[in-house]
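> Here's a structure for you.
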Amino acid sequence: MNYFVLIAVACLLTAGTESKKDGYPLEYDNCAYDCLGYDNKKCDKLCKDKKADSGYCYWAHILCYCYGLPDNEPIKTSGRCRPGKK
């Protein structure tokens, strides 16, 4: 019985907590945001507008990378970029 109470309390404490993730945020067409010119300020602003902790321009891919994005924000995992498709 004590274990049940302990598990119930643990579930209540973790309910509603929001976890965060890192990754390349996506536009509507499954394309990541580019940062030509390695514009870290642009990427940081973009990421913070998406409720992330911070962001920067990843030079190897020339794409914006965000730290601490909310779970409901889509990130690049797989699939092709489909420019112009809504």
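Any Cβ shown, glycine's included, is placed from N, Cα and C.
Sharing the record's features from Swiss-Prot:
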DISULFID  Cys31-Cys81  disulfide bond
DISULFID  Cys35-Cys57  disulfide bond
DISULFID  Cys43-Cys64  disulfide bond
DISULFID  Cys47-Cys66  disulfide bond
DOMAIN    21-82  domain 'LCN-type CS-alpha/beta'
MOD_RES   Pro83  proline amide
SIGNAL    1-19  signal peptide
> Cβ-Cβ under 8 Å from Cys43 (disulfide bond), same chain, 6 or more residues apart: which ones?
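Residues satisfying the criterion: Tyr33, Cys35, Gly55, Tyr56, Cys57, Cys64, Tyr65, Cys66.
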> Between Cys31 (disulfide bond) and Cys47 (disulfide bond), how many Å separate their Cα atoms?
15
> Please report the distance from the Cα of the residue listed as 'proline amide' to the Cα of Cys47 (disulfide bond), rounded to the nearest angstrom.
21
> Check the DSSP secondary structure of Cys81 (disulfide bond), expressed as helix, strand or coil.
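SS state of Cys81 (disulfide bond) = coil.
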> So which one is it: of the disulfide-bonded residues Cys35, Cys47, Cys57, Cys81, which has the fewest other Cβ atoms within 10 Å?
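Each of the disulfide-bonded residues Cys35, Cys47, Cys57, Cys81 was scored by Cβ atoms within 10 Å; lowest is Cys81.
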> Around the C-beta of Cys64 (disulfide bond), how many further C-beta atoms are within 10 angstroms, looking at every protein chain?
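Counting Cβ neighbours of Cys64 (disulfide bond) within 10 Å gives 25.
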> Give the distance between the Cα atoms of Cys81 (disulfide bond) and Cys47 (disulfide bond), rounded to the nearest whole Å.
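So the Cα of Cys47 (disulfide bond) lies 19 Å away from that of Cys81 (disulfide bond).
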